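Heads up, the thing below is written out as structure tokens.
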Amino acid sequence: MTSPDAPDLAALRPRLPSPLQEVVDDRFTRRGVRLLLKRDDLIHPDLVGNKWRKLAPNLAAAAGRTVVTFGGAYSNHLRATAAAGRLLGLPTIGVVRGQELADRPLNPSLARCAADGMRLHFVDRSTYRRKTETETLARLLRDLGVDTGTAYVVPEGGSNVPAVRGCQALGEELRGRADVVAIACGTGGTLAGLAAGLEPEQRAWGIPVLKGGFLAAEITGLQERAFGGRRGDWSLDDRFHFGGYGRVPRELDAFAEDFEGRHGVAVERLYVAKLLYGLVVLVDEGLWEAGTTVAAVVTGSPFDG
Ligand SMILES: Cc1ncc(COP(=O)(O)O)c(C=O)c1O
């Protein structure tokens, strides 16, 4: 149901379906594998990549209420939410992990959030960890001077049921276009929706950028909540997190720089670089037979500070 207060997302003119671009890369062609880039990074300059797909349904559901959400000091999700607030005239509040940051100058990512009108609220790490518990959330909202009637809460990373359903369209856009669709995963919400939108014979591959091996259960849980059960043929390869979230060792940076030079596509380091690196290893291992088409989803673009 659309509310009379629902923001006009179409006015932001997202580029949908996002472009699908073939790149010729000898590491793939020598194995007879075609590589396509699904350019979700071109959907919108401010709500880049999976942020559009995850946030758009939430912004519609917020229907003019204050959007309250969560993130770390360099969160892409916080920046995208703040930008959406500016573009659509919605009030936004970002709950930021790390009370100690409150007394320091804002880093470029948080400064951008603030410039876009987001109110920043810093909390200690233990409160942040417990933010999904009913009592902690209620206390937080009270401290912020809002309640469930005036605020719409979006979880960290934006991965809730509307977001997962929104990402189904990504899979639908790729029907009949690739045998394998590969994507970097944080919370797994994008993969959960993507896999549900593909055709039964297509396969989704997720490359987690966080360490821990917990993601398969999370994705299954998200699919159960969004669709009533596991959907699509998907698997994860846990070997390409490079030590964990935010870790970009020199080898990965050099790989990304080389990819940028070869194909003229800016490579976001925290997610997209790990995905592309993983694909180069997987194709070299002979995972896919000759004749396979692999589409890699470019879920973001580098933050220029
Ligand atoms: C650029 C980029 N790619 C991929 C992801 C992973 O998305 P998800 O958390 O839905 O797995 C994120 C985080 O939202 C991201 O910022």
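Glycine is treated like the rest: Cβ placed from N, Cα and C.
What TrEMBL says about a protein is an automatic prediction, not a curated fact.
What TrEMBL records for Ser75 is active site, nucleophile. Reduced to three states, the DSSP call for Ser75 (active site, nucleophile) is coil.
The domain 'Tryptophan synthase beta chain-like PALP' annotation in TrEMBL covers 30-300.
Counting only same-chain residues six or more apart in sequence, the Cβ atoms lying under 8 angstroms from the Cβ of Lys51 (N6-(pyridoxal phosphate)lysine) belong to Asn76, His77, Ala80, Gly158, Gly300. Under the DSSP three-state reduction, Lys51 (N6-(pyridoxal phosphate)lysine) is assigned to helix. Under the heading N6-(pyridoxal phosphate)lysine, TrEMBL lists Lys51.
The Cβ neighbour count for Ser75 (active site, nucleophile), using a 10 Å radius and every protein chain shown, is 22.
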